[in-house]
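Participant: Please find one structure pasted underneath; my questions will follow.
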Ligand SMILES: CC(=O)[C@@H](O)[C@H](O)COP(=O)(O)O
Ligand SMILES: NCC(=O)COP(=O)(O)O
């Protein structure tokens, strides 16, 4: 029987709500503990270079209190690598960042900056972090990830998740499913995420070979109406339904 699909809950946008007024609430640290109680297998946080949401204080406190695993998303910069060496998360996911972007727009171009990414992977492996590369579902990028020595890739599901035209969505889904199979053949652990919500996640979770889905914005949005515990439980149930 296939092992269950893991759920990584990204709590960035709890911090977005806090930063909107500069208050001390809602606290993403409290959100992480609630998400863990509700069934999250890990907590994803993305201290962006502009610190628009997650703050260093959040990361340092979470390091002390998380009971599952910390997946630290970060840009490939010396400053963020040094921060990861200070924090020592279980997992680090290297993502592209542009200050002007509303959210992550594409996957990391590993193929175009292989030496830089390989050095980052090596530096993070030395602190015992499991390194994941957030890439488009593209065999060229998957091959580059293998060359860089990353054991994990997280495939960007944005094109599938945000497609309005059914034909475009189906094409993006097939590209994603083919990329999962290709990456698995290369011996990689395959995660996925970005833009997944309560109506488009089940079929992604059902793709054979998917290890973990990282989902945040949709869970936090649902939590506004149902509460975070229920929102995580509902997403957990979708993953169980996809792969009983
Ligand atoms: C890489 C990815 O898709 C997300 O994990 C990332 O955190 C998105 O950035 P925001 O959380 O700032 O929207
Ligand atoms: N890496 C994807 C992630 O952590 C959450 O992305 P989203 O669900 O907030 O779009």
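One is the number of the first residue shown, and numbering goes on along the chain from there.
Even glycines carry a Cβ here, placed using N, Cα and C.
Got these off TrEMBL a minute ago, pasting:
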BINDING   10, 21, 195, 216, 217  3-amino-2-oxopropyl phosphate binding site
BINDING   12, 13, 48, 53, 103  1-deoxy-D-xylulose 5-phosphate binding site
ACT_SITE  46  active site, proton acceptor
ACT_SITE  73  active site, proton acceptor
SITE      154  site 'Transition state stabilizer'
ACT_SITE  194  active site, proton donor
Participant: If you count other C-beta atoms within 10 angstroms, which of the binding-site residues 195, 216 is the most crowded?
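Facilitator: Checking each of 195, 216, the winner is 216.
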Participant: Specify the nearest of the recorded positions 21, 48, 73 to residue 154 (site 'Transition state stabilizer'), where nearness means the distance between Cα atoms.
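Facilitator: Smallest Cα separation from residue 154 (site 'Transition state stabilizer') among 21, 48, 73: 73.
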Participant: Can you give me the Cα-Cα distance between residue 216 (3-amino-2-oxopropyl phosphate binding site) and residue 12 (1-deoxy-D-xylulose 5-phosphate binding site) in Å, rounded to a whole number?
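Facilitator: It is 7 Å, counting Cα to Cα.
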Participant: Given the recorded positions 46, 53, 103, tell me which ones have a C-alpha lying within 10 Å of the C-alpha of residue 10 (3-amino-2-oxopropyl phosphate binding site).
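Facilitator: The recorded positions close to residue 10 (3-amino-2-oxopropyl phosphate binding site) (Cα within 10 Å), listed in sequence order, are 46.
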Participant: Check the recorded positions 21, 73, 154 for any whose Cβ is under 6 angstroms from an atom of ligand 1, and report them in sequence order.
Facilitator: 73
Participant: What whole-number Å value do you get for the CA-CA distance of residue 103 (1-deoxy-D-xylulose 5-phosphate binding site) and residue 46 (active site, proton acceptor)?
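Facilitator: Between the Cα atoms of residue 103 (1-deoxy-D-xylulose 5-phosphate binding site) and residue 46 (active site, proton acceptor), the distance comes to 11 Å.
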Participant: Using Cα coordinates, what distance in whole Å links residue 195 (3-amino-2-oxopropyl phosphate binding site) and residue 53 (1-deoxy-D-xylulose 5-phosphate binding site)?
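Facilitator: For residue 195 (3-amino-2-oxopropyl phosphate binding site) versus residue 53 (1-deoxy-D-xylulose 5-phosphate binding site), the Cα atoms are 17 Å apart.
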Participant: Can you check what DSSP calls residue 13 (1-deoxy-D-xylulose 5-phosphate binding site), collapsed to helix, strand or coil?
Facilitator: helix
Participant: For residue 53 (1-deoxy-D-xylulose 5-phosphate binding site) and residue 73 (active site, proton acceptor), determine the Cα separation and express it in whole Å.
Facilitator: 13
